[in-house]
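Chemist: If you scroll down you'll find the structure; I have some questions about it.
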Amino acid sequence: MTSRKKLQGLVAATITPMTPDGQINLPVIRQYVDYLVNKQNVKNVFVNGTTGEGLSLSIQERKQLAEEWMCQGKGKLDHVIIHVGALSLPESQELARHAAAIGAGGIAAIAPFFFRPTNKGELVSLLQKVASEAPDVPFYYYHIPPLTGVKIRVEELLEGIKEQIPTFQGVKFSDTDLLDLAQCIHKNEAQQLEFLYGVDEQLLGALAVGADGAVGSTYNYLGRQTNLMLEAFAKPDLALARKYQFLTGEFLSFVIKLGFGVAQTKAVMTFVSGIPMGPPRLPLLGASEEFIAKAKAKLDSIVWPDGD
């Protein structure tokens, strides 16, 4: 692999914009990129992941989205990471080859969650088969046991992984087990791996144990505020950093009680950014008008430390 800028800070888990009839809406990606960069100061993206409904999209749709993000992000985004995980190994390999061909800054893959790996050997074998299809592209394991049911500890997974997957670059760690995350960071300092946390409401805790940054859906619309939290943490001004984390948590706690998922994230992004994200794809149903009204009122009521 050629020399690259380290992936750190915030990475927006991108939403897949859709038309009212459920087709992907590629023309708004250009506006989406400009919004992330200019309004949220977020210059890294993770495409076709959970927030992007990647596993609900066809292979062709996933390729089209990857190409559009690469095209519109050229010269504007620092890193475009393409999620290539799938239930089918050949499909995942096809997506990995495609991501490499279009010049993606990295690829990532979840563990399959129907016929799922039950031990480290099975999981590493699968990840190796995917990563080897893009031999010059940094590879990330997308660890999200609440959705996949694959609860193999990342600390165990990482032992000797660079020997089997030379392109292994790091982990998108979407789990609340900060002990596992801390041990991963502690035991792998010499390898310069990147650990990106994926539970937005607990980011400050992950930063405290050494996470390099974060991949999450809230950075689409709360990226500016979260960047200010990162700045406060780096000073360090922990009291100020906690204020930002507590307020993010206050909003998320409120909407989670209402029922908060991909559909609701699309609705929040739409009213915050003004960019139409459209409905989710079935079996998910669109956010209710009641949710939208309550979520907007709650977000508008929050007074951030910078006065916004």
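All positions are counted from 1 along the displayed chain.
Using the three backbone atoms N, Cα and C, a Cβ is placed for every residue, glycine included.
OK, TrEMBL features for this one:
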ACT_SITE  TYR142  active site, proton donor/acceptor
ACT_SITE  LYS172  active site, schiff-base intermediate with substrate
BINDING   THR51, VAL215  pyruvate binding site
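How about a rundown of where these features are and what they're close to?
Modeler: For VAL215 (pyruvate binding site), the count of additional Cβ atoms within 10 Å of its Cβ stands at 28 [all protein chains shown].
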Chemist: Taking just the CA atoms, what is the gap between THR51 (pyruvate binding site) and LYS172 (active site, schiff-base intermediate with substrate) in Å?
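Modeler: About 13 Å separate the Cα atoms of these two residues.
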Chemist: How big is the gap, in Å, between the Cα of TYR142 (active site, proton donor/acceptor) and that of LYS172 (active site, schiff-base intermediate with substrate), rounded to a whole number?
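Modeler: Taking the Cα atoms only, TYR142 (active site, proton donor/acceptor) lies 5 Å from LYS172 (active site, schiff-base intermediate with substrate).
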Chemist: Near THR51 (pyruvate binding site), how many other Cβ atoms are within 10 Å of its Cβ?
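Modeler: THR51 (pyruvate binding site): 24 neighbouring Cβ atoms within 10 Å.
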Chemist: Taking the Cα atoms as reference points, how far is VAL215 (pyruvate binding site) from LYS172 (active site, schiff-base intermediate with substrate) in Å?
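Modeler: About 7 Å separates the two Cα atoms.
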Chemist: What same-chain residues, at least 6 away in sequence, bring their CB to under 8 Å of the CB of LYS172 (active site, schiff-base intermediate with substrate)?
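Modeler: Non-local contacts for LYS172 (active site, schiff-base intermediate with substrate): PHE46, GLY49, ALA108, TYR140, TYR141, TYR142, HIS143, ILE144, LEU196, GLY198, VAL215.
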